[in-house]
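Okay, so here's the structure we're looking at.
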Amino acid sequence: MADTASKYAVKLRPNFDNPKWVNRHKFMFNFLDINGDGKITLDEIVSKASDDICAKLGATPEQTKRHQDAVEAFFKKIGMDYGKEVEFPAFVDGWKELANYDLKLWSQNKKSLIRDWGEAVFDIFDKDGSGSISLDEWKAYGRISGICSSDEDAEKTFKHCDLDNSGKLDVDEMTRQHLGFWYTLDPNADGLYGNFVP
């Protein structure tokens, strides 16, 4: 694994038994369960990521492939695969495995799966190649992905992630806050998606 040279790489501890952590992942499971049958598949997630989000963001075929590879690796670590239906208990157990795996890499300043995904996303919406994204670029992604459908929620996310107060977001800041939000319940990452995700 490559060194990320992250200035935010510190040991973070998960809190898997906290009902808030479980509810956060239940919300995401339901968000991903497009047809509401209580099961999700990697097919559904990749279709949303590639056919919907990447296409609407104007990703090139190379960017879409890189993004799809990152999404596949991330969700396969949770235990998902093509054609395999996963119910919530297995999904949340898979998140625990993923969190432990990624947090260990993060504490060693090595590239995690969430960082790979973040880099793939940044490559798509960092249109000017500056290595950072603006609030407007983040708002566009939030609307297209559905994760920050209101400007207010997108602005809250942006503020939470702008750790160096530069008015721009880089992938290192986004990775740190997403680790804190999805993996550990770090209070510094609470409200990452505004009022949309608990």
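Along the chain as shown, residues are numbered 1 onward.
Even glycines carry a Cβ here, placed using N, Cα and C.
Look at Swiss-Prot and you will find 20-55 tagged as domain 'EF-hand 1'. For the domain 'EF-hand 1' (20-55), the model gives a mean pLDDT of 91.
The Ca(2+) 1 binding site annotation in Swiss-Prot covers Asp33, Asn35, Asp37, Lys39, Glu44 and rests on sequence analysis. Within 10 Å of the C-beta of Lys39 (Ca(2+) 1 binding site) there are 16 other C-beta atoms, taking all protein chains into account.
Counting only same-chain residues 6+ beyond the ends of the domain 'EF-hand 2' (60-95), those with a CB under 8 A from a CB of the stretch are 22, 25-26, 29, 38-43, 45-46, 49-50, 54, 101, 113-114, 116-117, 119-121, 123-124, 182. Per Swiss-Prot, domain 'EF-hand 2' is recorded for 60-95.
The domain 'EF-hand 3' annotation in Swiss-Prot covers 119-148, and the record cites sequence analysis as its basis. When Cβ-Cβ distances below 8 Å are used as the criterion, the domain 'EF-hand 3' (119-148) is approached by residues 31, 52-54, 56-59, 63, 66-67, 69-71, 154-155, 157-158, 166-171, 174, 193-194, 196-197 of the same chain, each at least six residues removed from its ends.
Per Swiss-Prot, Ca(2+) 2 binding site is recorded for Asp126, Asp128, Ser130, Ser132, Glu137, and the stated evidence type is sequence analysis. Reduced to three states, the DSSP call for Ser130 (Ca(2+) 2 binding site) is coil.
Only residues 6 or more beyond the boundaries of the domain 'EF-hand 4' (149-184), in the same chain, are considered here, and those with a CB under 8 A from a CB of the stretch are 4, 6-8, 12-15, 24-25, 95, 98-99, 102-103, 106, 112, 114-115, 118-119, 122, 130-135, 138-139, 142-143, 190-197. Taken from Swiss-Prot, the feature domain 'EF-hand 4' covers 149-184.
Taken residue by residue with DSSP, Asp164 (Ca(2+) 3 binding site) is part of neither helix nor strand, so it is coil. The Ca(2+) 3 binding site annotation in Swiss-Prot covers Asp162, Asp164, Ser166, Lys168, Glu173 and rests on sequence analysis.
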Remark   = Within 10 Å, the Cβ with the most other Cβ atoms among the binding-site residues Asn35, Ser130, Ser132, Ser166 is that of Ser132
Inquiry  = Using CB atoms and a 10 A radius, I'd like the single residue among the binding-site residues Asp33, Glu173 with the highest neighbour count.
reply    = Glu173
Key: Cβ contacts of Asp162 (Ca(2+) 3 binding site) (under 8 Å, same chain, 6 or more positions away)   = Lys168, Leu169, Glu173
Query = Across all protein chains in the structure, which of the binding-site residues Asp37, Asp128, Asp164 has the highest Cβ count within 10 Å?
reply = Asp164
Query = Expressed to the nearest Å, what is the distance separating Glu137 (Ca(2+) 2 binding site) and Ser166 (Ca(2+) 3 binding site) at their Cα atoms?
reply = 15
Ask   = How many of the residues that make up the domain 'EF-hand 2' (60-95) does DSSP mark as helix, as strand and as coil?
value = 26 helix, 1 strand, 9 coil
